[in-house]
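Each remark here refers to the structure printed beneath this line.
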């Protein structure tokens, strides 16, 4: 895939996206399309990004019975996206079905979209895990278990906090992707995410791709913020 920086386009409409992308004209990005944008604009927004030369992570976090996920992935594969995801909590058979659907739906001669599994959302903390989700194991152990299950199910990697990337690499190997949201500059608000790190720390912890949204999309100068991201990832001292 392309750059290690995945820009989360959490906008409600195509118009808002176009306004944001204007300063990046001619610069191929790796963009994340989540539920908010995809449910409003549908497959047409994916086609627009691909025509502009951007890589696309379609972040719908599928979690359903295996056959439903298989058929959904079969359709998503035809869109030409580069990366999709499911919830690891859906279990091994569901994750295997996701890969089966992608294999069946990918056009002849095209590369199958990579598929990663969400371990635990970066808005989840130990209290929520135990008291609300009723999972007794510690957060790190739960993430590690889900990562191993995802790998055994044929996933290409996981979505995890950068704080768990080292643990996952040790258990699953260097080639197993760690895609890490919850990325903020040191002087940013953490908003609704509780497990956050800076770009430079994420790289040091073993992240392959970092997902960053509001720090770029809500910046007064998004292009300058993106340049700062590149600088910090490469060891710059602005943190």
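Backbone N, Cα and C atoms are what each Cβ position is placed from, and that goes for glycine too.
Per Swiss-Prot, substrate binding site is recorded for 10, 32, 59-68, 122, 184, 193, 213-214. Annotation source Swiss-Prot lists active site, proton donor at 61, citing sequence analysis.
Sequence features, as recorded in Swiss-Prot, placed on the structure.
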residue: 10; record: substrate binding site; DSSP (3 states): coil
residue: 60; record: substrate binding site; DSSP (3 states): strand
residue: 66; record: substrate binding site; DSSP (3 states): helix
residue: 122; record: substrate binding site; DSSP (3 states): coil
residue: 213; record: substrate binding site; DSSP (3 states): coil
(request) Please determine which of the binding-site residues listed here (66, 213) has the lowest count of neighbouring CB atoms within 10 Å. (result) 66
(message) Tell me the Cα distance separating residue 61 (active site, proton donor) from residue 213 (substrate binding site), rounded to the nearest angstrom.
(response) 17
(request) Take the C-alpha atoms of residue 122 (substrate binding site) and residue 61 (active site, proton donor) and report the distance between them in angstrom, rounded. (result) 14
